[in-house]
Structure formats: C-alpha cells, structure tokens
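If you check TrEMBL, you get these features:
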- 21, 22, 23, 24, 25, 26, 27, 28, 93, 94, 95, 96: ATP binding site (BINDING)
- 94: active site, proton acceptor (ACT_SITE)
- 150, 153, 182, 185: Zn(2+) binding site (BINDING)
Ligand SMILES: Nc1ncnc2c1ncn2[C@@H]1O[C@H](COP(=O)(O)OP(=O)(O)O)[C@@H](O)[C@H]1O
Ligand SMILES: Cc1cn([C@H]2C[C@H](O)[C@@H](COP(=O)(O)O)O2)c(=O)[nH]c1=O
Ligand SMILES: [Zn+2]
C-alpha cells in the first residue's frame with residue numbers, strides 16, 4: 001500500500017508519483033484512492049484526463065469497477081499547467097495519451113510544490129513503451145506497478161493484448177477489445193500470430 005508523505009502542506013515540497021500497469025490492473029482505482037485521501041485531508045485537488053478518453057464519461061475518471069471522480073478533460077499537457085494554479089495535488093489519468101510535454105509539465109508542477117499523481121499504461125498492445133510514460137517514470141520519486149489477472153492462466157498480467165486486428169496505436173476499448181495477459185500467454189499468442 002502506498003503511504004502519503006505530507007511535506008507539501010508545510011514546506012511546499014512537491015513530487016511525482018506514477019502508477020503503471022496493463023489494462024484492468026487497478027491503475028485508476030489506485031489513483032482515485034490516493035486522490036480521495038488527499039481530499040479527506042482537505043487538500044486542494046485537481047484531476048485531468050486527455051479529452052479523447054470518453055469511454056465511460058466526458059468529465060469523470062471512471063475505473064472498470066465503477067469508482068469515479070470528477071475530472072477536467074484537456075487537449076494538451078500545456079493546458080494542465082495553465083489550469084492547475086493554486087492546488088496541492090494534481091491527478092492525471094490515461095497519461096499515455098498525452099504528448100511528450102507531459103513529463104516536463106509534471107516536473108514543473110512538482111518544482112512548484114505540487115504533489116503530482118499520474119496513472120497510465122506503461123506498454124501499448126505491441127508491448128512497446130507508451131507515449132510520455134517512460135520519461136515520467138524516470139522523473140518520478142515513486143513508481144508503483146500494479147498487475148491484472150491473466151485471462152488465460154490466472155497469473156499476474158502485465159500485457160494488454162488487443163483482440164482485434166486493428167494496428168493503430170490508439171483504439172479505445174474495454175473487454176471486447178483487450179485482455180490482460182502474463183508474459184508467457186502474451187508471447188505464446190504473439191508467436192502464433194506471427195507464424196500465420
Ligand atoms: N483480468 C482482470 N484482472 C484484474 N482486475 C480485473 C480484471 N478484469 C476486470 N477487472 C476489474 O478491473 C478493476 C480495476 O479497474 P481499473 O482501476 O479501472 O483498472 P485500470 O485503470 O488499470 O485499467 C478491478 O478491481 C476488477 O474489478
Ligand atoms: C493497450 C492499448 C490500450 N489502448 C486504450 C484502450 C483503453 O481505452 C485505454 C486504456 O484504458 P485502461 O484505463 O488502462 O484500462 O487505452 C490503446 O489505445 N492502445 C493500446 O495499445
Ligand atoms: Zn497467462
């Protein structure tokens with residue numbers, strides 16, 4: 001369990017926390033849990049998500065098990081810097097969809113004394129690092145990797161296997177489009193597809 005440090009309230013010391021994993025691994029649940037605790041501590045919290053993520057709601061971050069928290073959809077990472085003035089905590093979900101500038105924006109907020117909590121996919125459906133996440137992981141003080149349950153064998157899953165043949169990087173979807181898999185199951189399926 002992640003335990004909060006509260007230096008930012010007294011000394012305005014900021015930092016970056018990153019929560020990564022495959023789809024269905026509990027990233028959004030963990031983000032919402034941390035943000036709700038900050039709200040209970042009466043900290044001023046602002047939450048952002050990329051405007052393209054309208055799967056469950058336009059102005060909420062919603063987890064696969066229906067927890068939700070109000071959020072502001074933004075088009076670019078620069079908008080976050082403009083909108084996050086005078087806050088204690090900034091939460092960002094689906095960070096993989098933001099531009100590469102997100103890492104600099106989070107760094108700047110942390111330097112200003114803000115606690116920044118970012119959640120996103122570390123790998124795309126091909127198993128490659130996704131968008132600004134690697135850079136954010138490098139700059140973060142705290143990185144938490146969470147795991148889903150492999151849909152084929154029940155082990156810990158860290159891959160998001162795309163069920164359709166679409167090959168664009170961004171294809172929004174849920175269980176009809178993706179399944180979380182462990183390394184062994186992902187590699188087996190990938191090798192089978194390659195040899196077809
Ligand atoms: N294969 C799976 N492994 C783990 N959780 C799953 C799985 N399929 C569905 N879930 C549900 O997804 C929830 C996590 O949702 P969420 O926090 O939105 O994940 P993420 O943001 O990482 O996609 C779990 O609490 C569980 O109810
Ligand atoms: C792997 C992968 C995922 N996506 C999309 C699919 C979903 O809409 C989101 C991830 O949501 P979650 O909260 O982590 O479950 O990303 C994509 O566009 N491209 C991919 O490669
Ligand atoms: Zn497996």
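Every residue gets a Cβ built from N, Cα and C, even glycine.
Shown here: features listed in TrEMBL, placed on the structure.
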residue	record	Cβ contacts under 8 Å, 6 or more apart
21	ATP binding site	27, 121, 122, 145, 146, 147, 148, 158
23	ATP binding site	121, 148, 160, 178, 180
25	ATP binding site	146, 147, 148, 157, 158, 180
93	ATP binding site	27, 28, 31, 47, 48, 49, 53, 61, 71, 119, 120
94	active site, proton acceptor	49, 50, 53, 119, 120, 121
95	ATP binding site	102, 118, 119, 120, 131, 132, 133, 136
150	Zn(2+) binding site	156, 157, 180, 181, 182, 185
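Around the Cβ of residue 185 (Zn(2+) binding site), 20 further Cβ atoms fall within 10 Å across all displayed protein chains. Close to ligand 3, meaning a Cβ under 6 Å from one of its atoms, are these of the binding-site residues 23, 27, 95, 150: 150. Cβ neighbour count within 10 Å across all protein chains ranks 182 highest among the binding-site residues 153, 182. Excluding 150, 153, 182, 185, which define the Zn(2+) site, the same chain contributes 151, 152, 154, 155, 157, 181, 183, 184, 186 within 8 Å (Cβ to the Cβ centroid), listed in sequence order. Taking 23, 150, 182, 185 as the candidate binding-site residues, the subset whose CB lies under 6 angstroms from any atom of ligand 2 consists of 23.
With 21, 22, 23, 24, 25, 26, 27, 28, 93, 94, 95, 96 listed as the residues that bind ATP, the site has a largest C-alpha separation of 15 Å. Taken in sequence order, the binding-site residues 23, 25, 27, 95, 150 that lie near ligand 1, meaning a CB under 6 Å from one of its atoms, are 23, 25, 27. The Cβ neighbour count for residue 27 (ATP binding site), using a 10 Å radius and every protein chain shown, is 28.
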